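S.K.: Okay, here's the structure, questions in a sec.
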Amino acid sequence: MRVDSEWVQVALLTFDLIGTFVFALSGGVLAVRKQLDLFGVLVLACAAAVSGGIVRDVLIGAHPPASLADWRYLVVAMAAGLVTFRWHGVIERLRNPVQLFDAAGLALFAVLGTGKALAFGLSPFAAMLLGIITGIGGGIARDLLVVRTPVVLQQTELYAMAALVGSGIVALAAAFHLPQHPAMVLGALACFGLRFMSIRRGWKLPVAGGSDGR
Amino acid sequence: MRVDSEWVQVALLTFDLIGTFVFALSGGVLAVRKQLDLFGVLVLACAAAVSGGIVRDVLIGAHPPASLADWRYLVVAMAAGLVTFRWHGVIERLRNPVQLFDAAGLALFAVLGTGKALAFGLSPFAAMLLGIITGIGGGIARDLLVVRTPVVLQQTELYAMAALVGSGIVALAAAFHLPQHPAMVLGALACFGLRFMSIRRGWKLPVAGGSDGR
Amino acid sequence: MRVDSEWVQVALLTFDLIGTFVFALSGGVLAVRKQLDLFGVLVLACAAAVSGGIVRDVLIGAHPPASLADWRYLVVAMAAGLVTFRWHGVIERLRNPVQLFDAAGLALFAVLGTGKALAFGLSPFAAMLLGIITGIGGGIARDLLVVRTPVVLQQTELYAMAALVGSGIVALAAAFHLPQHPAMVLGALACFGLRFMSIRRGWKLPVAGGSDGR
């Protein structure tokens, strides 16, 4: 990643922790709805926040995973779990701002995940996939833990597709040896913008059917 | 694996990609039935095709997993997903030939998975288990993602047992220091044959019950 | 872990295998209830017994995982699966003694898991989490494989919390550079005692709700 400026480092960490917090809120809210106890709420908050990054780190061989090596990620995730446990009614009413932060977290996770995979020597194609996994893996783990089909796999607004576009821009830049940092900024903006427009306008992916009958 | 002849290498890769394609079809068909969107279909196709090998590689410490290091596996899996998305009615009607290819894929995955684990220095017993995981892990991941009990764990024709026999033959040969390549051919044939007979004759494993009542 | 006395080593291994056996029983019983075939019973027995340790080893980068490197764990787990398959009625009636052994297994897995993570250089905070995962991961995998919300996440007697207390004592001792072996004994006793009292007295964690309404 080699970001030289200390200021940029701090900004990235801040965004990363905000993304972690917001992802964790989504886990906590689901756990409360499913009537899990306090421990279950904390587990779902952590699972939603860090599973994507952990799967990425396990696949690229980064031991221990970043979110275990640095205690701040899990502490932030648990704080979000506690907040949800106490004020879940408020969080549910704040749906719109939470969705905005979630879109920012998705953009950041996808782009940084792709960058980390590239830094570990993976091909641009594999790095793109790992970026998507970083972005959407937490939501999948969260949903599987309460035994529901991951919402990201069902027909919803463009969520994974936004992660794909963000990761893909970073991966394409690497494939063509273009400078990485502008590509990461561009990828994050594209991912965020696409997700934002999809929420606003209800853009969706097609479902199979039609001519084949059913 | 050290297969010297280039011809054998090409044949193995070809079979491996065919197995990947057919396993991916099973994921795509399930995703279409569950009304997932295009992205969900692609994810289930990839999950069914490569999860078994990825779990094996993570457990033996092979980073990055083969199916991420070589882009052909995921491209083939995604192609199968697209085919299912567009022509799922046709695929469903081709059930019988697909089952045959699936049996071939199972045999190959189980035997090659055992071989790779042995090459990474695992004991024959552990290598046998990793061969089974390579063969059946994709189907388990596929089913869990749409929240259904993995069919391989329920009473069906001998599927996992066929993988066990194939992997076991390779592992036994390693335990007794017998030559590996003939064992792999024999293991693959035994796995394929057992699976084939089980489909034809409806051979099953027992379920607990009977004398113990319920 | 560097336990010098051979006697202690043998005692630890014995407890570890007893814990493995009892955890595997819980998997086997669930599989029989869900009408899985013999293979499914064996898989659930193994999943319940070794998943927690495998996830820990994958996250700390210990390849191959201990339960694959040493065949005794899986053989013991499979034996438990066979016992359940044949005598599940008896096992279900032995619920109380099984719960006691399960509490002992939980205490041992949590404490040893924390110790192993510390030995691999993880921070006390991360080691505590990995100890909890070692203790409860098997039950989560077992439940997910038959598609039910992990019981450890739902309102039950203090189970995960007991693992947390046991792991936390070992982690705190490491953080303050106190001797590790007394801490492990103390942690295991605390975990076992808390779990035992929770079964006897029905101690539970709170569930969100109340003032926030629903």
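Placed from the backbone N, Cα and C atoms, the Cβ positions cover glycine too.
TrEMBL lists these features:
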- B:12-32: transmembrane segment (TRANSMEM)
- B:14-87: domain 'Glycine transporter' (DOMAIN)
- B:39-59: transmembrane segment (TRANSMEM)
- B:71-88: transmembrane segment (TRANSMEM)
- B:100-119: transmembrane segment (TRANSMEM)
- B:100-173: domain 'Glycine transporter' (DOMAIN)
- B:125-146: transmembrane segment (TRANSMEM)
- B:158-176: transmembrane segment (TRANSMEM)
- B:182-198: transmembrane segment (TRANSMEM)
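In terms of burial and nearby residues, how do these features look in this structure?
M.R.: Residues 3, 40-41, 43-50, 67, 72-73, 76-81, 83-85, 88, 91-92, 98, 101-102, 104-106, 108-109, 112, 138-139, 142-143, 146 of the same chain sit 6 or more residues outside the transmembrane segment (B:12-32) yet have a Cβ under 8 Å from a Cβ within it.
Model confidence over the domain 'Glycine transporter' (B:14-87) stands at 92, taken as the mean pLDDT rounded to a whole number.
Residues 20-21, 23-28, 30-32, 65-68, 73-74, 76-78, 80-82, 84-85, 109, 113, 116-117, 130, 133-142, 145-146 of the same chain lie 6 or more positions beyond the ends of the transmembrane segment (B:39-59) yet place their CB under 8 Å from a CB of it.
Packing against the transmembrane segment (B:71-88) from elsewhere in the chain are residues 16-17, 20-25, 27-29, 31-32, 38, 41-42, 44-46, 48-50: each is 6 or more residues past its ends and has a CB under 8 Å from a CB in it.
Listed as Cβ neighbours of the transmembrane segment (B:100-119) (distance under 8 Å, sequence separation of 6 or more from its ends, same chain) are residues 1, 12, 15-16, 18-23, 26, 52-53, 56-57, 60, 62, 126-128, 130-136, 138, 159, 162-163, 166-167, 170-171, 174, 180, 184, 187-189, 191-192, 195-196, 199.
Counting residues 6+ beyond its ends, the transmembrane segment (B:125-146) has Cβ neighbours under 8 Å at 23, 26-27, 30-31, 34, 36, 43-44, 47-56, 59-60, 106, 109-118, 152-153, 159-160, 163-164, 166-168, 170-171, 174, 191 in the same chain.
Cβ atoms under 8 Å from those of the transmembrane segment (B:182-198) belong to residues 100, 103-104, 106-108, 110-112, 114-115, 135, 157-159, 161-163, 165-170, 172-174, 204 of the same chain, restricted to positions at least 6 beyond its ends.
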